[in-house]
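Shown next, in structure tokens, is the structure this report addresses.
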């Protein structure tokens, strides 16, 4: 194994990151690039689990605002994450990376049901595991799924891959020229300051289980490799 800081990671990948500039759906060149970046990290010997969002296809909150029952809208969002997971699996396997998709909502014809011990076994057997379907319950985000699965599989860190954002700022740098980028923060800082890293439930889970979160720009080639190797990029959130 190459020298790495984090040997088992959860990569939180937003649905929007798979859409590219189109902003909706799956952009084939983009998802191919993501798969190639992951293969580079996989070849370092890192155990990789992925939680993928579905915002490139559907958002439960948006559905609720249109008058849908919130739980029903969230279930549609869970199905969107599964579509993204299957597309990512296909791209990874096409370049020789063994990959398993586990869903929190059973659909055995296309993926395994989520079983913690089986997921850990896959990682030990050098397979990438993609967790899809969120937590399987409405009202919980895929950020919370990432924190929950990270705790369950004893991940060393959660890698929050952002679409064009290179870390955590005191304000939106696109709107406020005085915005300051943070190199390090605590989980309580995130919660108390209301910083847009992950939702409060996900932050609390990460804090309670002492899981570091690294926020970085996915669009910069080689950044996933840099994070797992311990290079300081983006913003690292750890401790209380």
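Using N, Cα and C of the backbone, Cβ positions are placed for all residues, glycine too.
DSSP gives residue 172 (ATP binding site) a coil state; it is part of no helix or strand. Under the heading ATP binding site, Swiss-Prot lists 12, 13, 14, 15, 55, 59, 163, 169, 172, citing sequence analysis as support.
Marked as UMP binding site by Swiss-Prot: 54, 74, 135, 136, 137, 138, 139, 140, 141, 142. A coil conformation is recorded for residue 137 (UMP binding site) in the three-state DSSP classification, outside any helix or strand.
Broken down with DSSP, the region 'Involved in allosteric activation by GTP' (20-25) shows 3 helix, 0 strand, 3 coil. Under the heading region 'Involved in allosteric activation by GTP', Swiss-Prot lists 20-25, citing sequence analysis as support.
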Spatially, which candidate from the binding-site residues 12, 14, 55, 163, 172 is nearest to residue 139 (UMP binding site), comparing Cα atoms? 55
Minimum Cα separation from residue 14 (ATP binding site), reported as the residue among binding-site residues 54, 135, 137, 141 that achieves it: 54
Reduce the DSSP letter at residue 163 (ATP binding site) to three states and note it down. coil
Residue 14 (ATP binding site) falls, by three-state DSSP, under coil
